[in-house]
Amino acid sequence: MSDIARSTASDGVPSGRAKPHGTTLGSLAGKSAIFLILIALLAIFAVIQPVFLRAANLLDILEAVSVTALLGLGITVSLAVGGFDLSVGSTAAMGVMTAAYAQVVWGWGAVPTVLLVLGVGIGIGLFNSLLIIVLRVPDLLATLGTLFLVGGLQLIPSAGNSISTGMVFADGSEADGVFSPTFLALGRLRLWGLVPLPVIILGIVAVLLWVLMERLRWGRAIYAVGGNERAAHLAGAPTARLRVFAYVLSGLLSSLGGILLAARVGRGDIMTGGSLLQDSFAAALIGFAVLNLRRPNILGTVIGAVLVGVLLNGLTMLNAPYYTQDFIKGAVLVGSLALTYRLGRDRR
Amino acid sequence: MTVAAIRAQAVSKSFGSNLVLDSVSLSIAPGEVVALMGANGAGKSTLVKILAGVQPADSGVIEIGGQALRLASPAQAQAAGIVSVHQSVADAGVSALSVAENLVLDEICGARLPLFLSPRRIRRRAAEIAGKTGLSVDLSQPLAALSLAERQLVAIARAFAGRPKLLILDEPTASLSALEAERLFGLVERVKASGIAVLFISHKLADLRRIADRAIVLRHGRVQGEFTRPLDLAAATRAMIGRQVVSTVRAQNAHTSAPSLTLSGVQLREHGPGINLDLFPGEITVVTGPLGAGKSSLLEVLFGLRPPAAGRITLGSKPWTPRGPADAIAAGVFMAGEDRWRTSLAPHETLGADLAGTIALPHLKNWSHALGFLGFGRELAAAQTAIRRLGIVCRGPRDRLDHLSGGNQQKVVVARWQARPARLLLLDEPFQGVDLGARHDLIASLRAMDPSAAILIATSDVEEALEAADRILVLRDRGIAAEYRPGQEDFLGRLTNLETLVAGAAD
């Protein structure tokens, strides 16, 4: 039945794939602006510092942004459903400390550790859902609360210290576990001696999420909830379940980011949370400008993260001081948002 | 003869090739209440906008107190003494401030009061205004605590405080109960007694009978008739809508088939009246009645948004107890809610908020391929069909909805629920903000639907009810107060009764 319907649909409407209108010069410029900037940056850095364009360096950039991008993808989905998740950075940091504690203190292996950390991420997502969907705390406030709660909780088991093999507890006992080599490989292995595993993981996650959000009906429903929750509900969408899904996914991806970080660093560093939240939000928001969509979108977030990575890597090569980094990220974010919304208005 | 407070002479206005106002003239004496009547799209709101300085007229003269004016902006109109009060709450003051502060808001903002205001002074001035207008609400509570009707009273009292020459009230009774409307009329009488000219826009006959000294009926941008006291209601009705009504009535359906949906003893609130009702396939039933009569509640119960307080509902031959919209949609019970931007549409940046995506949203489960991959072909085909069938004016199936006119937006909303066969189609105020032409198209599309669907429309507008309905039910206090069939004999006479019933007037 559905086959027949499908064929009549495509036969009956020859102009069905009408090209989207508004392909004026302005909108074309808007759609490709971020790509043009990215190419221009690559060209400039390549001219000044030929090493920049080497495959190894480009892959280093991707590796450097993989965690930010993963968190950014979680934020993207929560933004798409009309929510806001400020707890991603804390969740990732929690993941780092949990992974370290499980292996160094409890002596766990790689597989149970990974499962535990992912479980913690899911738990944090469920906790956010409880606050936001059941108790109806506004999302911004709820996840800000979780940010502090989880950010504080991760410090307690190790009494505020970083976790590494040989650390001494208050009672004099010594932690004698080690990071499992399998676990460390998650952050350090390079396939074919070249491509870092985190980049592969990011690629797989990004492709799966892109298909979900842009090509599957659940993605449509998620965006519909974000656009007008009441309308989505009245159109039959399971709005509460979709919102829970978004927060759980965000928690899951954040804890995955934590795993990759812990595996790269090889210890439970209490400073890892640092700028993760800002960086991943910046990636998701720059993503609004990619393709000039003005909505959270998967491809945009990845490109946004890469753009920031390219810029920081290139400027570091040109000996720009480290303390200018935040300023540069801010300039990219503000610039791309201004560009998108300005061009969008011209299109009317 | 006294000088008219306001006189408009041969005012014309056209949008593109569409002549909206065709040489309209009117004058209002000080202390006179003139009702401006007409169907949606008759040109009422355009005339009001011109008088209020929101839009310029193409030609014509407007005089205040015998002096010709150029009204290029709302501020100029206000300075000339023309103040208008809209029905929308958004315009009606600052929610967070107290009623007293709202009453003197213009004086605060207009620097007519000293910079440092003691609360006592505000209260005194506000009490003075309230006293003059007979406004009886607690002045110290915040505006947000007031009902919609009371906010409207406050807005009128505030306008009155500025001592205007002409007060324009735009559909002030549209969402009021009979009791609330009566308070409003009391206020208008005070305004009138103080020598202010009032232009009262409405298409309710009950309003006209209660408050107007004179009625001017607009149709298709022209003054169709002018009626002075004693008002000939039947003639005014004919001038306003008469011909249209007669022309669109469809032959009565014989109820040969079994009902699609049966309500027995359904109560919309605890211990409310029981509603018994059969809805038949192929029949358009319209429920009408004042705000709060239970029209929307009835639709919400049928769509599974809330359970009835008591009673039984059967769909086909099975009990109907949907747990939510998803249940209802799966069973072929569809609903388009009131106020499309709140209940049906999403901002244009949203993925899937374009024309085709909007139509497809509730049908994605049925139109998707294996594994949930979207069926873009089905989606576009459905949109093309809708565009053709309803005559939606747009640039294509991927057009943005916020670029369409209200009528075309509403066509998309209705087309969404015509895209798959329905057993019961529920439409809540489907003609709100829809021009006359689009309304005709919408009704024609409903009539052209598969006769296996029963259609239930809720509207507070009698004229819309008359045009769309095979059968009209008047709801009052959550029970059925009367039933009408257009096409019955002595129809225009009954129409007046119907207006009165719907407006809830006691006489």
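Glycine too: its Cβ is placed from the backbone N, Cα and C atoms.
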Feature transmembrane segment in TrEMBL, mapped to one of the ranges A:64-84, A:148-168: A:64-84
Result, the transmembrane segment (A:33-52) in contact with the transmembrane segment (A:270-291) (3+ CB pairs under 8 Å): yes
Interface-richest range of A:33-52, A:114-135, A:189-212 toward the transmembrane segment (A:64-84), CB pairs under 8 Å: A:189-212
Leading contact stretch, A:33-52, A:114-135, A:189-212, A:244-264, A:298-315 vs the transmembrane segment (A:327-344) - CB distance under 8 Å: A:298-315
Contact between the transmembrane segment (A:189-212) and the transmembrane segment (A:33-52) (at least 3 Cβ pairs under 8 Å, separation 6+): no
Tertiary contacts of the transmembrane segment (A:244-264) (same chain, 6+ residues out, Cβ under 8 Å): 66-68, 70-71, 73-75, 77-78, 80-81, 83, 85, 87-89, 91-96, 98-100, 114, 117-118, 120-126, 128-129, 132-133, 179, 183-188, 198, 201, 205, 222, 272, 276
Beyond the flanks of the transmembrane segment (A:298-315) by 6 or more, those residues with Cβ under 8 Å of it: 34-35, 37-38, 41-42, 44-45, 49, 52, 57, 60-62, 64-65, 68-69, 72-73, 75-76, 202, 206, 209-210, 213-214, 279-280, 282-291, 324-325, 328-329, 332, 336
